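Enquirer: When I checked Swiss-Prot for this same protein, it listed these features:
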ACT_SITE  CYS65  active site, nucleophile
BINDING   THR64, CYS65, ASN66, ARG67, SER123, GLU128, THR129, GLN130, GLN134  substrate binding site
BINDING   GLY203, ALA204, GLY205, GLU206, MET207, ILE208  NADP(+) binding site
SITE      HIS113  site 'Important for activity'
Amino acid sequence: MGLNDSLLDMQLLTIGINHHTAPVALRERVAFPLEQIKPALSTFKSVFLGHPAPNAPEAAILSTCNRTELYCATNDRAARDAAIRWMSDYHRIPADELAPHVYALPQSEAVRHAFRVASGLDSMVLGETQILGQMKNAVRTASEAGSLGTYLNQLFQRTFAVAKEVRGTTEIGAQSVSMAAAAVRLAQRIFEQVAQQRVLFIGAGEMIELCATHFAAQGPRELVVANRTAERGAKLAERFGGRAMPLADLPARMHEFDIIVSCTASTLPIIGLGAVERAVKARRHRPIFMVDLAVPRDIEPEVGKLKDVFLYTVDDLGAIVREGNASRQAAVAQAEAIIETRVQNFMQWLDARSIVPVIRHMHTQADALRRAEVERARKMLARGDDPDAVLDALSQALTNKLIHGPTSALNRANGADRDSLIDLMRGFYQHAPRSSDTSDR
């Protein structure tokens, strides 16, 4: 490894796709189930083994319904292309299919993006708070996987502090239309009275809990929760005065429900076209309103083509959510100003960190010179040389070697470069004569 390789600055980089750049059909293919994130981080780091950069990259993966993002810090200048290639290979998606939807954000752009995401400015639901918890979970997972280092740790700690500042000093989260509220609004377009409908929730996570809260407020005729873990499903149903049912009963009982909201962590659809066709037939073509908030999707997309079935995904709900975002543009401007200031602060810290390897290398080189000359002096003393002469030789050798680099650089430099070096050296050696003092007299 050469000197230049060892002194390359660490660079921040974010690679990802989100609801702005890719439809749900692609987002679900690049999503990482929680149990896959640690192994994925390990394979990502292995990509850089054998590269000229001296350090394995720091990395964290954020995977939600609306985004899959890889945050990394590396001194490998080929990291951008390598990261995109890795994501393509890992998910077995052709690079030419994935690349048009991928954003690659270096340095300050990566910092700004992280701050905006955590603050809810990049969310489908402007100002929503769920993303902050998801980002904290991503950081915790990266830490447990051993892929979080100084740079990303500092980035995320600053990110969480900025999110707290934005939410505490602006109205960014006020009057926001959540995905859950948007689902209720859509249901009201299909059914005049949600209170007369039977509602089924599939899953028992945070998103289903939010949806159940909003639908329960409408006083539905019946509220049922089906979950893979029966105990958790029963607990959630009890909270809202509903009842639980086994997930295995879903195909046989789907026809009983007018509204079905699903959001599970399943990697494959749990509601297929055939099951819904049978449910529609059993209902004698009374409409079914279905909301699929999962990524990857819980409901096969072909279901949406059935007559009397109204199927909506997270992207469909986004249109309703955006209607409520326009009224909070003043808060957005205020939040963006805060973020911009904090980005500059972080970049100052990053710039300061960039000189650490240089200083460390200077110390290492100087110490190597010192040890070599001390060893030479010891040998001179051992053979009986005069101590004063040995000390004089030691000091002369150290002086010559320590100033060899600067003087060689000055001798090689020309014109403006030489003037800049002279000014730089003057700062190093406070008693160096000014240029005018060195001219011929």
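Even glycines carry a Cβ here, placed using N, Cα and C.
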Enquirer: For ILE208 (NADP(+) binding site), just count the other CB atoms lying within 10 A of its CB, please.
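Expert: Neighbour count, Cβ to Cβ under the 10 Å cut-off: 23.
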Enquirer: Just how many other Cβ atoms lie inside 10 Å of the Cβ on GLU206 (NADP(+) binding site)?
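Expert: Cβ-Cβ neighbours of GLU206 (NADP(+) binding site) within 10 Å number 12.
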Enquirer: Hey, how far is GLY205 (NADP(+) binding site) from GLN134 (substrate binding site), Cα to Cα, in Å?
Expert: 13
Enquirer: When the number of other CB atoms within 10 A of each residue's CB is tallied over all shown chains, which of the binding-site residues ASN66, GLN134 has the maximum?
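Expert: Answer returned by the neighbour count: ASN66.
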Enquirer: Can you list the residues of the same chain, besides THR64, CYS65, ASN66, ARG67, SER123, GLU128, THR129, GLN130, GLN134, whose Cβ falls within 8 Å of the substrate site's Cβ centroid?
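Expert: So the additional residues around the site are MET124, VAL125, ILE131.
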Enquirer: Nearest of the binding-site residues to ASN66 (substrate binding site) by CA-CA distance, picking from GLY203, ALA204, GLU206, MET207, ILE208?
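Expert: Minimum Cα distance from ASN66 (substrate binding site) across GLY203, ALA204, GLU206, MET207, ILE208 lands on MET207.
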Enquirer: State the three-class DSSP label for HIS113 (site 'Important for activity'), counting H, G and I as helix, E and B as strand, and everything else as coil.
Expert: helix
Enquirer: Distance check, please: Cα of ILE208 (NADP(+) binding site) against Cα of the residue listed as 'active site, nucleophile', rounded to an integer number of angstrom.
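Expert: ILE208 (NADP(+) binding site) to the residue listed as 'active site, nucleophile', Cα-Cα distance: 13 Å.
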Enquirer: Minimum Cβ neighbour count within 10 Å among the binding-site residues THR64, SER123, THR129: which residue?
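Expert: Counting other Cβ atoms within 10 Å of each of the binding-site residues THR64, SER123, THR129, the minimum falls on THR129.
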Enquirer: Using a 10 Å radius around each Cβ and counting other Cβ atoms from all shown chains, which of the binding-site residues GLY203, GLY205 yields the largest count?
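Expert: Sorting the candidates by Cβ neighbours within 10 Å, the top entry is GLY203.
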Enquirer: Name them in sequence order: residues not among GLY203, ALA204, GLY205, GLU206, MET207, ILE208 whose Cβ is within 8 Å of the mean position of the Cβ atoms defining the NADP(+) site.
Expert: PHE201, GLU209, LEU210, CYS211, CYS263, THR264
Enquirer: Within its own chain, what residues at least 6 apart in sequence put their Cβ under 8 Å from the Cβ of CYS65 (active site, nucleophile), listed in sequence order?
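Expert: Residues satisfying the criterion: ARG27, MET207, CYS263, LEU293, ALA294, VAL295, VAL314.
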Enquirer: I'd like the Cβ neighbour count for MET207 (NADP(+) binding site), meaning other Cβ atoms within 10 Å of its Cβ, all protein chains included.
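Expert: Summing over all protein chains shown, MET207 (NADP(+) binding site) has 23 other Cβ atoms within 10 Å.
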Enquirer: For GLU206 (NADP(+) binding site), name the DSSP secondary structure in the helix/strand/coil scheme.
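Expert: The residue in question, GLU206 (NADP(+) binding site), is helix (DSSP, three-state).
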